[in-house]
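**Q** Feature list, courtesy of Swiss-Prot:
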- 70, 121, 122, 138: S-adenosyl-L-methionine binding site (BINDING)
């Protein structure tokens, strides 16, 4: 079975030994949790899905403040915090089970640049407007919903980093109204493939103006009545 280090080397990803040690501990914790928090039962699958998929499309150093919405098992936010030490990361999730897992992992990995908040994204974004340089999400919602619940917390000039699958083109078309309303524009799409055969895309959107105060709408509404 390949080690974390060997898998990252296969993709030409750069790392330092302390980072590998932390990822090893994280994967160990991840594989030990119940099925309803992660579907990965082996190291190879867990590293590809939770580490390689996150790092592979990133071409620049990330620094500043980053909010990870719907963090779940800590991806992408926790991985970005490990590999980009100049980031100050907030992991946001409304589920008690996820929050407890994340707090435990942060303590075991001795990560000083990460904190966890238990709250709905709609409430958090309204309370912490224009605070973050980056907002990330993966497997949380369709793009039009993400744009509404994430953008208000982003600084003007900041970037949304959304990890998507091959259906992102359809989601982009669907999200045009939300992007216009929330004042963000598509900066670039980085398509990439894993050696497992899976195709992925990192969508990078830039906020060019402050979002209207009426967004995000109250809890649940962006999901039930998305901007179309």
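Note: Cβ is positioned from N, Cα and C throughout, glycine not excepted.
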**Q** Report the same-chain neighbours of residue 138 (S-adenosyl-L-methionine binding site): residues 6+ apart in sequence with Cβ closer than 8 Å to its Cβ, ordered by sequence.
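**A** Sequence-distant Cβ neighbours: 54, 75, 76, 162, 163.
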**Q** Considering each pair of residues in 70, 121, 122, 138, all listed as binding S-adenosyl-L-methionine, report the largest CA to CA distance in Å, no decimals.
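**A** Result: 16 Å between the two most distant Cα atoms.
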**Q** So if I measure Cβ to Cβ from residue 122 (S-adenosyl-L-methionine binding site) and keep only same-chain residues at least 6 apart in sequence, which ones fall under 8 Å?
**A** 149, 216, 217, 218, 219, 220, 221, 222
**Q** What is the total of other Cβ atoms whose distance to the Cβ of residue 70 (S-adenosyl-L-methionine binding site) is within 10 Å?
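**A** For residue 70 (S-adenosyl-L-methionine binding site), the count of other Cβ atoms within 10 Å is 22.
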**Q** I'd like the Cβ neighbour count for residue 121 (S-adenosyl-L-methionine binding site), meaning other Cβ atoms within 10 Å of its Cβ, all protein chains included.
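**A** Taking all protein chains shown, residue 121 (S-adenosyl-L-methionine binding site) has 28 Cβ neighbours within 10 Å.
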